[in-house]
Amino acid sequence: MGRQEQSLGEGIRSHWALLGNRSSLSWQATLLFLPFGCIGPVFIDRARIGSSEVQGLLIALVGQLTVMACIAVASGAIHRVEPARSRPLLTAVAILIAMTARGLAIEWTSVAMGLSTTMEYSYRVGSSLPTMTGGYIVMALVVGAYERHRRLAASLAARRTELDLTHRSMQTQLHEVHRAVVAHVHQLVDPFLVAIDRLVKRIDHGSDAAPIADAMRKIADEQLRPLSQRLLNSASGVSPDDFKPVSGELPALPLPSHLHMHVLISPLAGLIVTILSFSQAMRLAADPAILLLPIISGLVPILVFAGARAVIGGWAPRLWLGIAVAGGIGVLGLVLSVTVEEALGLPVPEYVMYAAPLTGLLLGLSTATYAAVSYRRSETERELQGYIDALSTASSLLTQHLFIERRNLSYVIHGSLQSALYAGSMRLLANPLPSQELVAAIRRDIALAAQKLDAHAVVAVRLEQTLTELSRMWSGECEIRWTMSERAELLLAAAPVTEASVGEIAREFITNAIRHGKATTVMVRIVVEQGCVQVTCDDDGRGVSASASRGVGSRMLDELCIRWDRTRDGLHTSVTADVAIAH
């Protein structure tokens, strides 16, 4: 899958935000900067101050230690509070200060070693500052891209684990909810079955059945009825956060094994060369020909990179080979740039031909690595979003099953069990001295009703029946109409859990529109969109106040729906919900 192209503005904002991350002020970024920071002291200064390679390395090391110290202090100061927050402006200022301190440290070291008699601040601070700052920013972006990819890879692995745990725990949670409710109800009902058994044994001795009858009615009113209502109205509390990844090291995602060269050869490298070349322009400002230096230094590499993309952009070698080729193209671009400058008689510093290949190599390798990591990051983001969507769907399906399981248990408690207790109580009160046959029949009815709790069958609730009942219930106050696509009807007929969930969602939408919005007409449309059942309710009511508190209905919608949204357009309110299909 190809990477989506960013606009120029989006790309600039993305790089700017990436620069502000803590990784830009890390030891990894300063370590990557070391080879780039050695180029000036080792090669350019040989012509300027006559230093040897060893002296140049020592001077470069002093500059590197200065950069590391400044960056470490800046990182602690900028990211001490809210380390995850991006602070690009402060980071850029910190890098500029570090590069300024580096230039001063290098110049002081050169004077201390007797290689220079005067402090050339204009060169060290003014001329090399854009070069070193630009080089450090490139390395910081590479490290930032890698860190961002690593975090995304860890997040993706965690979401994969969460999704797997969700699927594996679905049946476990359903059985756990069922078991807990059934155990609670049996704790309430079983003692009465024992009491009725005792009553049967005492019938011949004239035992009074009234106390047992009163206790049966009391448990039905004060315990089973509230329990039934709680099961209907309580939220299941299912959230993706409930499913935590297993402990242990999270696997990292590897970079792609092959990648097209048009991704690895970045035109950004040519722009960076143009910026870096201004350091020479500033040093040779007295020469009018200097105006050509940044033009040639930037234009030639840009043409080389653009030409290489056009010629070999469709080639997809192994990643390591592609990055190496990109580095070689960087070498070619800068060497050719210096060659053209010399051919035109422009003032090219001595030993720059040694520095140019190394600079081009570092530039090509770093920009290609950044491009590869950014490309994989885009792929990882898409994979991560896919797993997040799948996790949301799985959580929604689990909630649907839990909701229906609670509702079924509520129906058994409210219907069969309460009815059996009520009927038994009335029969005992009507027969103060019941026969053994009557007591046995009452006991049998209660036991059979209690046994229904152990069944897991879904109570079929037809969506059309629900909508018809709602239409009849609100007749005279609101006109309720609905349409259902043929595909939705077929899918829901094969998915009773989802059909029942859609019915409850439609009930919530319609009830809110009439009770809170004072709607007089409601139109419900049920279709299938992108593998989900979509429920849309349009009404002419005044809508629900934005300040209204979220109640049981809102929590139910949050749990049963993958997503839902309410919009207000003029005199009409529209509520839409997407519901996962539980086969």
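Using the three backbone atoms N, Cα and C, a Cβ is placed for every residue, glycine included.
Here is what TrEMBL says about this protein:
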- 501-548: domain 'Histidine kinase/HSP90-like ATPase' (DOMAIN)
- 25-44: transmembrane segment (TRANSMEM)
- 56-77: transmembrane segment (TRANSMEM)
- 89-108: transmembrane segment (TRANSMEM)
- 128-146: transmembrane segment (TRANSMEM)
- 259-278: transmembrane segment (TRANSMEM)
- 290-312: transmembrane segment (TRANSMEM)
- 319-339: transmembrane segment (TRANSMEM)
- 351-373: transmembrane segment (TRANSMEM)
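As a quick check, the transmembrane segment (319-339) and the transmembrane segment (351-373) clear the bar of 3 or more Cβ pairs under 8 A, pairs 6 or more apart, so the two touch. Each residue in the domain 'Histidine kinase/HSP90-like ATPase' (501-548) gets a DSSP state, and the totals come to 15 helix, 17 strand, 16 coil. For the domain 'Histidine kinase/HSP90-like ATPase' (501-548), the model's average pLDDT works out to 86. For the transmembrane segment (25-44), the residues of the chain that approach it from at least six positions outside its boundaries are 51, 53, 56-57, 59-60, 63-64, 67-68, 71-72, 74-75, 78-79, 91, 94, 102, 106, 128, 131-132, 135-136, 139-140, 142-143, 349, 351-352, 354-355, 358-359, 362, 366, judged by C-beta separation under 8 angstroms. Beyond its flanks by at least six residues, the transmembrane segment (56-77) meets 22, 25-27, 29-30, 33-34, 37-38, 40-43, 45-46, 90-91, 94-95, 97-99, 101-103, 105-106, 109-110, 113, 136 of its own chain at Cβ-Cβ distances under 8 Å.
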